[in-house]
Amino acid sequence: MSLSEASPGDATRLVDLTPADAERIRHFEDLTWFEVAPGQTGADYVRNLDFTRTRGVEPVGPAPLGTPSDGPVPLVGTYSAWLMGVTAPGPDGDLTPLPMSGLTWVGVHPDHRRRGILRRMMVDHLHGLHDRDETPLAGLHASEPGIYGRFGYGGASSDVSLDMGRGTEFRAGETLDASASEVSTHFVDADSDEAAAALHRAHLATARHTLGTVTRGEDTARGWFADHPTSRGGHEPLRAMFAQRGTELTGYAVFRRVAKWNDDHQPEGEVRVRELGATDPGSLLALARRLVDFDLTGKVTFYDRSPDDPLLWWAGGPRAVRVRHYDGLWLRLVDVDKALTARGYSGPVDVVLDVVDDVCPWNARRWRLSVGADGVGSCLPTDADADVRLPVQALGAAYLGGRPIVAQAAAGQVTELTPGAVRRLSRAMRADSDPFGAIGF
Ligand SMILES: CC(=O)SCCNC(=O)CCNC(=O)[C@H](O)C(C)(C)COP(=O)(O)OP(=O)(O)OC[C@H]1O[C@@H](n2cnc3c(N)ncnc32)[C@H](O)[C@@H]1OP(=O)(O)O
């Protein structure tokens, strides 16, 4: 990665950012997101950034009128990335953990928007991943859904939030009731070295069992749930709940309660569950039962769940629970061949794909995807006639097994060139369950 690349066209240049840029980054973030965190310093803001993957855009030439002369050059754009993981479909119904570059902290100064700075940063990010052979997959959560399709990202999972009343009864059957009764739960403050270490252990253990789960790296685990008192809006500290079978750690939740009282002096507190994961359904059930059972509360919201979440059905289905549905993880195949070879398939298929990709031109060609009866595939360049033509974002959307290629063809996003090929590809890419959006980043 070069230290700086000037672009005379828009009078800005891309630069590597370092911890010494902390105050500049804080100023820029406050300006872009206008969500100022009182009392926090630049060092607090950048605590979790990976400075080997953090880039900024700064203007070339004189500073705008009114800019303090004694300060650093203000930034007009930033992006950063973490080396993360995602649990993808494995061969024949298994799950496979894969590395993924998680894009974050994307912003452009409001005075410089719609001049191509984001496009430049996206090309820098995606071409950098390819050139360094870092990860064949890139993911993100989008602030607005209309932005990232043009850069080859497809919506690969849904975030579903579930609102339930206090005391919601989860009907899971005798076997799971018995399993849940063997699980104990307790909670502690999330923002400590000890809690962060246990949370990370539980997070990685549960991710192995959950399709679509994004995992954070060891380097960000401690700072992920940093809980600055001035940013809590007067609410309680973030809490970490753990599930254990004997001494074995089998699940966790991260949540905060918000105190509320109605006009009749009745308690209507809220429990906001930011993350919830378990290695087995009995532990999930035990955690969920504990979370809907706090005194002084009336409502519990479980964020980042999946459309076929067990919690939803244990609670009685979509008419018993308020369900809200959003786009979750957006995935981008940086290197089509490596990404399609890395995941597993639900059955055999042999199909030639004509991939359309304006942003990463090395992908734009014909590829033969050959998957054996064991669900293991390989994807290689070919000159054979194509069976299916599709934009790279269609592969990102289908990658975790959630958005069928057939449905994308019906919506006009995928073109079938050989009869039956879309259905065969679609079936091979499908998974047994919907992927989870899992963690926000
Ligand atoms: C992964 C994350 O971190 S998500 C966070 C994204 N950041 C934010 O939402 C913060 C507030 N917004 C911003 O900072 C900026 O407006 C950004 C980053 C969204 C866009 O930056 P810009 O420099 O204006 O984008 P740029 O000029 O490169 O536009 C690229 C394309 O995206 C389109 N685009 C940009 N923003 C949006 C949007 N909010 N909705 C739909 N399309 C958009 C542009 O129209 C352009 O389209 P084109 O390729 O057809 O010409």
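Glycine too: its Cβ is placed from the backbone N, Cα and C atoms.
Sequence-distant contacts of TYR148 (active site, proton donor), defined as residues of its own chain at least six apart whose C-beta falls under 8 angstroms from its C-beta, comprise LEU140, ALA142, TRP330, ARG332. The active site, proton donor feature in TrEMBL is assigned to TYR148.
Look at TrEMBL and you will find PHE441 tagged as active site, proton acceptor. For PHE441 (active site, proton acceptor), the same-chain residues that are 6 or more apart in sequence and have a Cβ closer than 8 Å to its Cβ are TRP82, MET84, GLY102, THR104, HIS141, VAL214, ARG216.
Following the DSSP three-state reduction, the secondary structure of VAL108 (acetyl-CoA binding site) is strand. Long-range C-beta contacts of VAL108 (acetyl-CoA binding site), restricted to its own chain and to partners at least six residues apart, with a cutoff below 8 Å, comprise THR32, VAL57, VAL76, GLY77, ILE117, LEU118. Per TrEMBL, acetyl-CoA binding site is recorded for VAL106, GLY107, VAL108, ARG114, ARG115, GLY116, ILE117, LEU118, ARG119, SER143, GLU144.
According to TrEMBL, the domain 'Eis-like acetyltransferase' annotation covers 214-324. Confidence for the domain 'Eis-like acetyltransferase' (214-324), expressed as mean pLDDT, is 95.
Annotation source TrEMBL lists domain 'Enhanced intracellular survival protein' at 336-436.
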What count of other C-beta atoms do you get within 10 angstroms of the C-beta of GLU144 (acetyl-CoA binding site), across all chains shown? 7
Can you list which of the recorded positions VAL108, ILE117, PHE441 have their Cβ under 6 Å from some atom of ligand 1? VAL108, ILE117
Within 10 Å of its Cβ, which one of these binding-site residues (ARG115, ARG119) has the largest number of other Cβ atoms? ARG115
Who sits close to VAL106 (acetyl-CoA binding site): which same-chain residues at least 6 apart have their Cβ under 8 Å from its Cβ? THR78, TYR79, LEU118, MET121, LEU140, SER143
Does DSSP put ARG119 (acetyl-CoA binding site) in a helix, in a strand, or in coil? helix
